[in-house]
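The next block holds one structure in the form of structure tokens; read it before the comments.
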Amino acid sequence: MSFLLESVLPYEYTAFDLCSEKTLKRPSENLGQVLFGERIEPSPYKFEFKKPATCQKVCTRTYNTNDPSDKVKLDFLKKGMLLNYQHHWIVDNMPVTWCYDVEDGQKFCNPGFPIGCFVTEAGRPKDACVVNSNFNEKDAFYIFNHVDITIHYHIVEHEQLGARLVAAKIEPKSYEHPNEDSPVCSGGPKFLKSKHTGVFEIPYTYSVNFVEDKNIRWASRWDYILESMPHTNIQWFSIMNSLVIVLFLSGMVAMIMLRTLHKDIARYNQMDSVEDAQEEFGWKLVHGDVFRPPRKGMLLSVFLGSGTQIFIMTFVTLFFACLGFLSPANRGALMTCAVVLWVLLGTPAGYVAARLYKSFGGEKWKTNVLLTAFLCPGVVFADFFVMNLILWGEGSSAAMPFGTLVAILALWFCISVPLTFLGAYFGFKKTGIEHPVRTNQIPRQVPEQSFYTKPLPGIVMGGILPFGCIFIQLFFILNSIWSHQMYYMFGFLFLVFIILVITCSEATILLCYFHLCAEDYHWQWRSFLTSGFTAVYFLVYAIHYFFSKLQITGLASTILYFGYTMIMALIFFLFTGSIGFFSCFWFVTKIYSVVKVD
């Protein structure tokens, strides 16, 4: 399969008219692989264990620029080299890596290698062309038509297997091959002038070598790829940074809880006379309005139902990933697990939405159930469907086949929707949530607020600290999605997930307390939006990442990047917003349940 760094449109291996194997059946892919556009093709590069091969011919591709179909194929191959498309090969489920030196004498092992590279008219080598000083022809494409494959293995004693593959490394090279029938892998590189006309032939060859390696165990055969990615120190810095934020917020919340609130509650509970009660101030004043149903309660309950579904899905997926079930070796397992869990978690979504909507005094239960089942998933699916149409139009391998699209719809309509209805049934059957204080019939007027206690400044400030906990981790996640680097540090990610939940909760509780003290009792939507605003910072960071880290060209790739980013931002908004609401709900219920109200 081929990937790239300057576009987000993956194509199948055969799209570039490379040597292919047509006799063998193509392996089947799981749901996660299909969603990520991973199509596995059988390879024409044949070799047997411990039988080295030197300069073996695979095939020869001939192009005549006077033939329109040949010209289209050659132009597409040139476009692939210009945009730095990469081969992704696997041997024994191990990625075939291209290891090369980077700064400070370190080796970086990339799970992919380029089709070729380009030298500009000014003689400046682009991408992989910098590795060879012989790539100096101006305005020319250099084709990596030869690969040196090195298979590292170790002998397994007392087992029938005999030997196991522990690493597969490759070195792409370019050779002219004057005599195609008996190729000799030496001499000058194979290049194609940008304005070449006439017939052009590309012979493809390979060499295989086997090396016994007693130091690498089969269980740790991925380590050499992961160790070449110098992320661990940065990850620990990220964790320490997040922990400092959590400790700071915990200290602030603890101070409010133990000192200010404790004093307030003690003072309120000591008031016996009517005169004393008339001197109430701060958050106690709004006890008759704090549980008043919010405006747009239907929409809020639907968002909270979907947010609960996403929260449980994320927690369980990351937990399984930490246990090693969803490692990079299990291709597509992470995405498959997430989709299946989301489908099966329709019941808690329906239950939470129905129970809260009933507590808000809502009566349109049919509308509530339908919105919970279709609103947020429908927005995501509509966005995804538009992206899929663009991929279809571009002929990309990431375009989901019609059959898979029908299967996704079947999972949604036949499993997720009925489960949502079931959850909603139980949610509406139960009585509404009982509040510790009665709600007054006449709403209290909210006094004029200072700048800091107005809704918008509080919401904008509320998202800063949770985003500060995750932005370093976010860089690696975006790299793994868009730059096709391997993500494997699920332990770090799970820890950051827990820290994010705590930070969202504490930041929302803190701001909720300040607003209640300012006699503003409209906390429901504000608590949801305060921590949900983290998604806006995520969106801003994704835009910054697009312009600063990626060299994406083309309208289709740009639309796809921002289309998929909007899906991630929506999911993140519902997830963080729900954490903020439920933590604030717990806090408000707690403080008003311990004061005496006449």
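Placement of Cβ uses the backbone N, Cα and C atoms for every residue, glycine included.
What TrEMBL annotates here:
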type: TRANSMEM; residues: 236-258; note: transmembrane segment
type: TRANSMEM; residues: 302-326; note: transmembrane segment
type: TRANSMEM; residues: 332-357; note: transmembrane segment
type: TRANSMEM; residues: 369-393; note: transmembrane segment
type: TRANSMEM; residues: 405-428; note: transmembrane segment
type: TRANSMEM; residues: 459-482; note: transmembrane segment
type: TRANSMEM; residues: 488-516; note: transmembrane segment
type: TRANSMEM; residues: 528-547; note: transmembrane segment
type: TRANSMEM; residues: 559-588; note: transmembrane segment
Stretch of maximal Cβ-Cβ contact with the transmembrane segment (559-588) [cut-off: under 8 Å; candidates 236-258, 302-326, 369-393]: 302-326
Beyond the flanks of the transmembrane segment (332-357) by 6 or more, those residues with Cβ under 8 Å of it: 29-36, 38, 297-298, 300-302, 304-306, 308-310, 312-314, 316-317, 320-321, 325-326, 365, 368-369, 371-373, 408, 411-412, 415-428, 430, 432-433
For the transmembrane segment (459-482): best-contacting stretch of 236-258, 302-326, 369-393, 405-428, by Cβ pairs under 8 Å: 236-258
Contact set, same chain, for the transmembrane segment (302-326): CB under 8 Å, 6 or more residues outside the stretch: 333-334, 337-338, 341-342, 345-346, 348-354, 356, 368, 371-372, 375-377, 490-491, 493-494, 497, 528, 571, 574-575, 577-579, 581-582
Residues of the parent chain within Cβ reach of the transmembrane segment (369-393), under 8 Å, 6 or more residues beyond its termini: 9, 37, 298-299, 301-303, 305-306, 346, 349-350, 353-354, 399-400, 405, 408, 412, 416-417, 420-421, 424, 556, 559-560, 563-564, 566-567, 570-571, 574
